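Listed features, source Swiss-Prot:
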- Gly228, Glu229, Pro230, Gly231, Asn232, Gly233, Lys234, Ser235: ATP binding site (BINDING)
- 1-10: topological domain 'Mitochondrial intermembrane' (TOPO_DOM)
- 32-421: topological domain 'Mitochondrial matrix' (TOPO_DOM)
- 11-31: transmembrane segment (TRANSMEM)
Amino acid sequence: MNHLKDQSKSIVLGISSGIGIFLISGGINIFKNVGQYILNRINSNIYYRIDVDSKDKSFEWLLYWLSENDSIKVSNHLNAETVYNLVGKNPKVILVPSVGKHRIVYKGKWIWIDRVRDQQFDMGAGAPFESISISTYKSNAQLINQLLQEAMTLSLNRDIGKTVIYINGGNGNWERFGNPRSIRSLSSVILADDLKSKLIEDIKSFITNESWYRNRGIPYRRGYLLYGEPGNGKSSLINAIAGELNLDICIVSLSSKDIDDKQINHLLNNAPPKSILLIEDIDAAFKSHRDNVDSNNNNSNNNNSLTYSGLLNALDGVASQEGRILFMTTNKIELLDSALIREGRIDLKIKVSNATKSQAAQLFTHFYNLPTDNQLAIRFSENLHDHQLSMSQIQGFLLKYINSPEKAIEEVQSITPFNLN
């Protein structure tokens, strides 16, 4: 009987202890929640805060501003990021706030920076979501607005009169490639007939007629294919057009080992505003429909590869980006499947051929800064045949005689055509 009493006491004590622990832990949680609520209310009455999401353009502006701000460099924890410049120039290392809390002085006042990296991934971009919180005392609230305006102005001024180049990064996002390039003059790209004016007028018409497309239910996007022998200025023309129309260039590398159907869809539908999408040497990625059907069959179990159908869906799927200007280039149009360059995907096809005599004469006068119809230029071009040499071959020859146009004329017949394919 005593044994049963002892057991009953033990059970009662156990239950009482459990209830006590439960009540204590519950009380602690309630106390913590109430404390956090009170703290948040106090903070909301003392501090002013703005959150900037990594999906917004202002996130990039803010990071650039911070990298140029000396007061952030006294922080104990920074990230070193490499900025790649053009070929032949050394890359540049910039310092930006790492994930965590930082404090800077702006116009003599304290500003708190909190960079947060989410556990969640943006599956389309293949990168974690990020945000930056900027806070200060409520009495200094206007400083944050001034800071953001200053960050925007600094970033935009960096790009004024320049062409920004974006490339598809390994995480599926667009990344700036090096420093913005100086705008290339459209007059420096010498093409036959009126190809430049025809292309420029078509793009301008597209840009200014958005409402016309929308009113008729026509997808508001435009595609161009530049084709022809290599070395005749297809890429140079696109760079010059971007400069003329104040557009940036987003280069899509289909040969990247990291790119797949999901990423190409994300890239083509999330290009920075006021930019040209450029897919160079499309024939090298997709030579023909037959090749890619075989490739798709072989890779049917591989979810990490770009497929032909995946590219087509990205080009004109339901989610295709409105206002998109797309350029493709190829040296061999005959290798492209007709479905890839049909109307609706490619609206205008322009052949960029080897140099004519007229182009050679124009290049000569441009190279030596001579008047139009100069007799030296005419003599130079008379020694060449139409469509025999590429513009890059002629330019390469002239570079040997940068200070002697007469010598270039004497040696012009030494230029030997060769196949760049």
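From the backbone N, Cα and C atoms, a Cβ is placed for every residue, glycine too.
Feature annotations (Swiss-Prot) mapped to structure.
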residue: Gly228; record: ATP binding site; CB count, 10 Å: 19
residue: Glu229; record: ATP binding site; CB count, 10 Å: 21
residue: Pro230; record: ATP binding site; CB count, 10 Å: 18
residue: Gly231; record: ATP binding site; CB count, 10 Å: 20
residue: Asn232; record: ATP binding site; CB count, 10 Å: 27
residue: Gly233; record: ATP binding site; CB count, 10 Å: 24
residue: Lys234; record: ATP binding site; CB count, 10 Å: 24
residue: Ser235; record: ATP binding site; CB count, 10 Å: 18
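Highlighted in sequence order, Leu226, Thr329, Asn331, Val352, Ser390, Met391, Ser392 have their Cβ within 8 Å of the centre of the Cβ atoms of Gly228, Glu229, Pro230, Gly231, Asn232, Gly233, Lys234, Ser235, the residues recorded for ATP, and are not part of that set. Residues belonging to the topological domain 'Mitochondrial matrix' (32-421) score a mean pLDDT of 83 in the model.
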